[in-house]
């Protein structure tokens, strides 16, 4: 029997884009990367675990902020190269800027406009030096 992780088309760095979507509202919350270990742990722990390219390590979403993403469903696209995580966003904040979603800017007439409010000051979310 083929391992379900072998069905993923990983990029040349061994990563796959992972989109977190609110399971109730359908809103796209964020996009991050997963390696094989992150995806396997996400499935087994029922919470979003990503691969931080900048830190070069696993990143358990909410480990510092408390804004955990509880996994309800994993979906794989038709080309097997993008994952969607249907999640419950604990605390209502997915973005490190303190907003509900990382997609808080809208293109309007040749520029980007911020349309979503900061729900919590990032300095109040993350420890000093983050």
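Going from the start of the chain as shown, residues are counted 1 onward.
Glycine is treated like the rest: Cβ placed from N, Cα and C.
It should be emphasised that the depicted structure is a prediction, and the values quoted were computed from it without experimental measurement.
Among the features that Swiss-Prot reports, Mg(2+) binding site is placed at 77, 79, 81. The feature Zn(2+) binding site is assigned by Swiss-Prot to 78, 95, 102.
Rounded to a whole value, the Cα-Cα separation of residue 81 (Mg(2+) binding site) and residue 102 (Zn(2+) binding site) is 21 Å.
Each residue contributes its Cα atom, and for residue 77 (Mg(2+) binding site) and residue 102 (Zn(2+) binding site) these two points are 21 Å apart. Packing around residue 102 (Zn(2+) binding site) is summarised by its Cβ count: 17 other Cβ atoms lie within 10 angstroms of its Cβ, all protein chains included. Among the binding-site residues 77, 79, the residue whose Cβ has the fewest other Cβ atoms within 10 Å is 79. Among the binding-site residues 78, 95, the residue whose Cβ has the fewest other Cβ atoms within 10 Å is 78. Note: the Cα of residue 95 (Zn(2+) binding site) and the Cα of residue 79 (Mg(2+) binding site) are spaced 27 Å from each other. Shown in sequence order, 9, 76, 78, 80, 82 are the same-chain residues outside 77, 79, 81 whose Cβ sits within 8 Å of the Cβ centre of the Mg(2+) site.
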